[in-house]
Amino acid sequence: MDNTILLVVSALTLVASCGLSIGLTYLPCYSAICVEEFFPYNVRIHIASYYTILSLILLSLVLQRTNAKFKRVLNTYVSTRPIPFTAIRLTVGGTLLIGAIALLLGGALGYFIGDQLDFYRARSIAADDTSNGYMRLAAVGFTGHLTDVLMGLIILPISRTSVLSRTLQLSPGSLLTFHQWIGYLFFLAVTLHTVLFYAWVPIFALAPEDSALKEAFAIDNPTVSHSESVRRGPYSMSVLASGMLSFVIFVAIIITSLPVARRKRYNVFYITHGLSILFFIFTCMHASTDFYMLLPGLVLWILDWSLRIKGLSTNVDAQLQAEGNGWYRITLPIESLSKTTRKALTSADRYPLTSWYLNAPATSKWQIHPFTPARQRHSTSAEEIKAVVFLWRVPSMSRKEKKQAKEWTTRLTTLIPEAVESGPEAGISIQNEQRRSVGIVLRLEGPYPLAHRPFERYNHVVCVVGGTGITGALSLAEHFIELCNTNKSGSESTPAGFITSRMTVIWTLKEAEDADLTDVKDLLQLTQEMGANLTIRKHLTGPGRQRLDIHSSIEELMHVSHGEKGDSDDIMSTWVYLSGPSKLMESGETACIDLKRARADGAYRLDWYCARWDV
């Protein structure tokens, strides 16, 4: 689907969600607490302001995507030092986003705090309650509206078919970071909301059974009286139960999503996140305003899951191969995929970087692992095989340890017979490749494009990658060779803005992990045959070897690019792709920031992308 259409659909989703939410406030209530019944004006202002701010954020992201000057301003660093305990560097755009969220939260307090205090004060006076309990109940109410806003923001960036990522060139790492920190903020707000309610419970519990206070407030739903709660029935009394169930589920989600817990028990993290569907149901039962804020995110979330389930419902035949020294390779024939997927992979206008999510029923019925493919067409000197290739490496371990490993990608490697994998051949060759392979069945989601087209904007593309981070670099290299070939032949399929004349890949990995990978050799052979200006450098580390100096390497390559000017702005331009261990990407990003500041005269354009999938 065209990006412009996706943006229009996104804008219409916001408008329709806003209109539907406001319209529902005039209809009979479906939640245990129907807030608009007591504060109709406040709720409608709350909804309108929420969707207005979301629309302004969307507009600013569109301008960032389409206007170079606006993008430059938003991407200017407020500070180049990472925020303590994170890898996040604060930009002007990030600061404005924080301001927009603060405005939303401040507005939520402003719309409700005065009227809710008056509402509960009047009822307390009528019940002869001289305590400050009404203040605690009012605080429960307006902190609940903070959670409305934050809950709506949590769900927006998480779909794999994210419009934000696909059309606005926002990296998955940025979206996940936003999701993570809003989640932490939501947890604080919902904890405060819960604590304030239980701070009021002792006042209610200590009142005499025949007191007016016990009649004026229902313990399960303090917004109505006990008599009114009984009249409305059990659903009205489910406020406390639905709220506590939501709280318990989210506590489980937040604990298992903490970095330490997530890395040690990823499967538990994945399962508890699956409970989010119950969380959404219980929160919408709890209060009507929760649904109004969740609506646009729920639409995207339901669409995303429908596409996921559709992809995972089909079995696809593939080949698993041992590449040697712990490296493994899955080859997935394109003809085995759906017609829509085949078209996306073979289109000349496709994105060079994509992500896939794979499941292997032979080792796990439900575990899914993300992959960036190493190849998406698999062209060779002899023919175009048209296959998707995934690469990964398993640390050295016994076969018994592999079978007992938690990661299905490790257990999957045991499908290759031990005698074959540990055979005398040290290298990879055409003769033993078939003998080292075994047929497997996969279920998969994808491809999900990462909306970057560096070959249309930069005359030098540089990849600094570590370990298995080479996969994205190989995919870019394959696309570069293909574009060079079609450009040389004068094919109409060459993108109109193709300006890249040079590509350099620097691959750093431990000496013990080194392997002569088939796909690297194939691309180097293609480079020679097609005459593409592609260089792949391997930098080995280990005992007695120095680590890669990323700053010096990028700076050297920028000097190599001297004199190569882009057609559009007549300045030298370089795009750096960073992938691999988090420390490598942090060092690479720091180097790019320093180099860009050192060349702030406008004679050189340097941009970069960190392939972060973890936060």
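A Cβ is built for glycine as well, from the same backbone N, Cα and C atoms used for every other residue.
Taken from TrEMBL, the feature domain 'Ferric oxidoreductase' applies to 143-284. Residues annotated as domain 'Ferric reductase NAD binding' in TrEMBL: 458-546. The transmembrane segment feature in TrEMBL is assigned to 45-63, 90-113, 133-156, 181-201, 235-255, 267-285.
Within its own chain, the transmembrane segment (133-156) is flanked in space by residues 46, 50, 101, 104-105, 108-109, 111-113, 116-117, 119-121, 123-124, 164, 178-179, 182-183, 185-186, 189-190, 192-193, 196-197, 199-200, 203-204, 217, 222-223, 280, 283, 287, 289-290, 292-298, 300-301, which lie at least six positions past its ends and keep a Cβ under 8 Å from the stretch. Nonlocal intrachain contacts for the transmembrane segment (45-63), taken as residues 6+ away from its ends with a CB within less than 8 angstroms of a stretch CB, comprise 7, 10-11, 14-15, 17-18, 21-22, 25, 70-71, 74, 93, 96-97, 100, 103-104, 107-108, 111-112, 145, 148-149, 152, 164, 168, 170, 289, 292-293, 296. Panel annotation: around the transmembrane segment (90-113), residues 39, 42, 45-46, 49-50, 53, 56-57, 60, 64, 73-79, 83, 138, 141-142, 145-146, 148-150, 153, 182 of the same chain, lying at least six beyond its termini, place a Cβ under 8 Å from a Cβ of the stretch. As a summary of secondary structure, the domain 'Ferric reductase NAD binding' (458-546) carries 38 helix, 24 strand, 27 coil according to DSSP. Each residue in the domain 'Ferric oxidoreductase' (143-284) gets a DSSP state, and the totals come to 114 helix, 2 strand, 26 coil.
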